Amino acid sequence: MQFYGLYFLGMTLTTDLKWVGFEQVHCIKTTGNGLKTSSGGRRKSFKMGNWIINHGLTYFILVVWMAINIFLFVWFYFLYDLGDRFFYTRHLLGSALAWARAPAAVLNFNCLLILLPVCRNLLSLVRGSFVCCGRTMRKQLDKNISFHKLVAYMIVLMTAVHIIAHLLNVERYYNSWHGEYDALSMALSRLNDSGNTTYLNPIRSTTTTPNLLLFTTIAGITGVIITLALILMITSSMEFIRRSYFEVFWFTHHLFIVFFAGLVIHGAGRIVRGQTNSNPPYNITFCKDHIEDWGKKKMCPVPQFAGGFPQTWMWVIGPMVLYVCERLLRFIRYIQAVKYRKIVIRPSKVLELQLVKNGFKMDVGQYVFLNCPAISQLEWHPFTMTSAPEEDFFSVHIRSVGDWTQKLISIVEQLPEGAQGPKMGVDGPFGTASEDVFDYEVAMLVGAGIGVTPFASILKSIWYKFKDSNPELRTRKIYFYWLCRETHAFEWFADLLQVLEREMEERGMGNFLTYKLYLTGWDQSHATHVMVHADADTDVVTGLKQKTNYGRPNWDKEFEQVCKENPTSVVGTFLCGPVVLATVLSKKCVKYTDVDPRKTKFYFNKENF
């Protein structure tokens with residue numbers, strides 16, 4: 001049984017035990033004109049200025065990307081729909097010609113972009129090396145996977161339009177050869193071409209059918225292969241398959257190699273052809289109506305046609321080279337030796353690995369990709385590091401979710417005491433949004449379940465910085481929120497919070513870290529146990545002085561408190577958790593950001609893998 005607020009009839013709880021509902025009701029006051037306004041009424045939700053501060057650059061980039069797509073589509077549409085070179089081709093194919101070629105131009109542009117967001121080392125280089133890459137721009141780099149998906153959607157849409165238009169083109173070619181249209185179409189299809197190089201209609205005999213054209217030409221065969229590869233990649237990328245059958249997603253996604261190979265070859269078929277220049281210039285206005293004069297009058301030579309030079313490879317060669325370099329760097333990192341410093345299996349089925357690798361340097365909140373050849377030679381999975389840069393090792397906490405993690409935990413459980421774990425390949429580290437946490441005066445850290453891992457690294461680093469009296473620490477206040485469904489999830493992290501709690505008190509800096517833990521699922525026996533120990537000095541779940549809250553945070557109340565305590569600060573809000581929670585926090589950041597530059601501003605950052 002779960003509770004989302006305390007509405008127990010006839011039950012009184014002590015003030016030490018906190019029960020928090022999903023959303024607490026705002027205090028309502030009445031103005032002089034009788035209208036009701038909330039206590040936060042002085043801020044209008046979703047002001048344009050607030051929205052621009054948090055999302056302006058993101059949407060500007062999207063508008064530029066969409067504008068380039070629209071420009072390419074329109075430009076090439078009219079090039080083929082109005083250009084004299086394609087007059088006869090257009091007569092044969094109709095408007096389907098432009099509808100086939102315009103999406104192809106958009107596909108070239110998006111196939112140029114699709115690999116860049118997944119070049120992790122390139123993004124880390126941009127994030128960490130260039131002075132010009134400021135905080136706002138780094139936020140865009142954290143949305144690389146979202147942009148990758150958006151580009152993929154555009155590729156799917158343009159591929160569908162391109163395929164439908166070309167299917168219509170093949171039918172028109174076939175019908176024109178068999179004389180089902182006008183005399184001009186028949187004449188263009190039956191042009192004498194002994195060298196088989198200057199034709200317009202690719203159907204060159206009565207035995208050629210649309211299906212034969214589809215499966216015997218370079219354009220047709222590669223088109224089928226590209227389409228099948230794309231369908232498999234897109235369908236296996238659905239959330240359900242990616243979460244439950246990651247191996248299926250991983251293997252099918254590597255069909256991108258087939259996709260790009262087919263893409264580069266596809267244009268070599270030159271199936272869409274335009275008229276070549278002649279001397280003197282060809283008089284289309286006269287010649288199109290005087291077929292019988294072709295080759296007899298100087299102004300009407302027999303029209304000749306040629307396919308355009310393949311251009312797709314010029315669009316994608318750069319990203320393909322970058323990606324090959326990316327994979328080579330990953331391979332070099334893979335073969336570097338990794339040693340186990342410590343292996344701990346927590347009661348909550350969370351595996352902690354402490355690893356050591358020569359030359360490995362990390363920053364807070366970063367993540368690595370792990371590969372265990374004993375499970376799979378090819379699979380790599382991302383995990384946020386929970387260690388601090390100040391430590392001489394790096395650690396990850398792995399929850400048992402999915403086949404790969406379950407197999408890894410099973411292997412570790414069977415190891416003899418003190419033995420080294422299975423061979424492990426490590427790629428990284430790579431930067432994330434949490435890497436920027438110390439760039440803010442005030443930070444709100446929100447973790448859900450195992451999503452607390454990047455904040456473990458941050459809080460550990462803070463502990464070391466205080467221990468060493470590091471003067472470079474700019475952050476003066478941290479609010480930490482952790483939401484968990486079960487009590488066992490708190491176990492591995494509670495020790496760190498206890499150390500921090502004690503350290504802050506000893507240094508007289510108890511106000512530096514404010515943390516709140518929320519348990520979102522429990523049963524009646526647990527509720528009874530909590531009530532019995534309600535007067536204890538420490539929490540019955542975590543052993544901390546800060547008592548666990550039950551339910552979910554009232555985010556309006558939390559943001560109002562942060563605004564009140566930091567009236568002139570820039571606040572970085574960091575989340576590692578589900579999309580639903582990200583949507584809520586993003587809206588709250590917009591709502592509580594003041595357009596006055598002298599007052600509180602919230603910047604939302606989310607972990608993306």
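Glycine too: its Cβ is placed from the backbone N, Cα and C atoms.
Copied over from TrEMBL, here are the features:
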- 330-436: domain 'FAD-binding FR-type' (DOMAIN)
- 52-78: transmembrane segment (TRANSMEM)
- 98-119: transmembrane segment (TRANSMEM)
- 147-168: transmembrane segment (TRANSMEM)
- 212-236: transmembrane segment (TRANSMEM)
- 248-269: transmembrane segment (TRANSMEM)
Requested in this report: Residue list, the transmembrane segment (98-119) vs rest of chain: Cβ under 8 Å, 6 or more residues beyond ends.
Outcome: 65, 68-69, 72-81, 90, 144-145, 147-148, 151-152, 154-155, 158-159, 161-162, 164-166, 169, 256, 260, 263, 272, 311-312, 315-316, 318-320, 322-323, 326
Query - Other parts of the chain folded back onto the transmembrane segment (212-236), taken as Cβ under 8 Å at six or more residues beyond its ends - result: 152, 155-156, 159, 163, 166, 170, 173-174, 202-203, 242, 248-249, 252-253, 255-256, 258-259, 262-263, 265-271
Query raised in the report: Quick one: DSSP breakdown of the domain 'FAD-binding FR-type' (330-436) into helix, strand and coil?
Result: 22 helix, 36 strand, 49 coil
Query raised in the report: Which value does the mean pLDDT take for the domain 'FAD-binding FR-type' (330-436) in this predicted structure?
Result: 86
